Amino acid sequence: MATVIPSPLSLGEDFYREAIEHCRSYNARLCAERSLRLPFLDSQTGVAQNNCYIWMEKTHRGPGLAPGQIYTYPARCWRKKRRLNILEDPRLRPCEYKIDCEAPLKKEGGLPEGPVLEALLCAETGEKKVELKEEETIMDCQKQQLLEFPHDLEVEDLEEDIPRRKNRAKGKAYGIGGLRKRQDNASLEDRDKPYVCDICGKRYKNRPGLSYHYTHTHLAEEEGEEHTERHALPFHRKNNHKQFYKELAWVPEAQRKHTAKKAPDGTVIPNGYCDFCLGGSKKTGCPEDLISCADCGRSGHPSCLQFTVNMTAAVRTYRWQCIECKSCSLCGTSENDGASWAGLTPQDQLLFCDDCDRGYHMYCLSPPMAEPPEGSWSCHLCLRHLKEKASAYITLT
């Protein structure tokens, strides 16, 4: 019995247009990927395909050369690989050149003979002995310097410095080499981590890391000591610690929203530097406009925040919030946010839009979502504004 195939128009015009749009976007992305990755592996045949160079432009056309030929296109430059040609015919062997080494030696005086040669050899051995003695004296001086400062040495270097019966000089060289390696590593660490804690001496690469260290180590220790022991630390150390916080202008995470710097009109004054790269803009190397949080004033470059082009343009149209101040755009609360997902159900988590970075509770959406979607997700505002350019349409379903 014959089956009836329904017409596409009977399914609805909106459904048909949506299917065509998905097909168009898929073909566009497929062609873009094929032009970028060469050679690419054909998923149907399993063959690594290369660019065939059959697509030419009008500017490449030339006059026809053969009768009946309308156009000609320039050929690709082809170069044959060089290979080693084995000459089997004895008559085709390369010419043999005999270099007369004795002639220039005779012209320049040649090698000395008799007692003159012996004197030169004795002088060379004497120079070598002098150099060895100088090296030994230098090693002894370095050894004395190391013994004057024994606290700078590690246990392994002290063990290696113990003279052995077979290789006495080798053991000395190991200890000095280890010290040089440690000095080089220390200089590299000083260069890579310029921010130093004035209490424990720990180093960090950036200022936010140093601020985190102060908060979660020394500040917590001081608060506990104030409750348990009133005379635990001297006053000058605590005052220096608090003075460092004043110079740093750092605010704890729990008090950032309430103690952010505000203008006379009540608006939050944004920071003039990026909190991630501290103004270096290391990812792009180009100047970028900062994006500031409307609640705490923290700023960041779009490249440091890993924002797309759509997201960078969208965050300037509303009061953008950083990840620490993020709240639901529908209910306005920040409970059960994504920063503390441990022990929460998927419905209690904040879902972020991939086009505008707005946050939504999954139970605030209409209809509510039971679990986060796979791939990119766009909110209803971005779907209405961007339409087919939204991330949800580009993602394959």
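Cβ from N, Cα, C; glycine included.
Just so it is clear, the model here is predicted, and its values are computed rather than measured.
Sequence annotations record features per position, and here Swiss-Prot assigns Zn(2+) 1 binding site to C274, C277, H301, C304 based on sequence analysis. Its own atom aside, the Cβ of C277 (Zn(2+) 1 binding site) has 16 Cβ atoms within 10 angstroms in the protein chains shown.
According to Swiss-Prot, the feature Zn(2+) 2 binding site maps to C293, C296, C322. Taking all protein chains in view, 24 other C-beta atoms sit within 10 angstroms of the C-beta of C293 (Zn(2+) 2 binding site). C293 (Zn(2+) 2 binding site) falls within neither a helix nor a strand when secondary structure is assigned with DSSP, and so counts as coil.
Within the same chain, residues at least six positions away from C356 (Zn(2+) 4 binding site) with a Cβ under 8 Å of its Cβ are N310, M311, A314, V315, T317, Y318, C379, L381, C382. Feature annotation from Swiss-Prot assigns Zn(2+) 4 binding site to C325, C353, C356, C379, C382.
The Zn(2+) 3 binding site annotation in Swiss-Prot covers C328, C331, H361, C364, and the record cites sequence analysis as its basis. Note on C331 (Zn(2+) 3 binding site): other Cβ atoms within 10 Å of its Cβ, all shown chains, come to 12.
Among the features that Swiss-Prot reports, SUMO2 cross-link is placed at K106 (among others), with the record citing similarity to another entry.
What Swiss-Prot lists as SUMO2 cross-link is K129 (among others).
Swiss-Prot lists K133 (among others) with the feature SUMO2 cross-link.
As annotated by Swiss-Prot, zinc finger applies to 195-218 (among others).
According to Swiss-Prot, the feature zinc finger maps to 271-328 (among others), an assignment based on sequence analysis. Using DSSP to sort the residues of the zinc finger (271-328) gives these counts of helix, strand and coil: 9 helix, 5 strand, 44 coil.
What Swiss-Prot records for 325-385 (among others) is zinc finger, and it gives sequence analysis as the kind of evidence. Within the model, the zinc finger (325-385) carries an average pLDDT of 75.
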H301 (Zn(2+) 1 binding site) versus binding-site residues C293, C325, C328, C331, H361 - nearest by Cα: C293
Distance from C322 (Zn(2+) 2 binding site) back to H361 (Zn(2+) 3 binding site), taken between C-alpha atoms, in Å: 16
Structural state census, the zinc finger (195-218) (DSSP three-state): 12 helix, 4 strand, 8 coil
Spatial neighbours of C353 (Zn(2+) 4 binding site) that are distant in sequence (at least 6 apart) but have CB under 8 A: G359, Y360, W377, S378, C379, L381, C382
For H361 (Zn(2+) 3 binding site): DSSP state (helix, strand, coil): strand
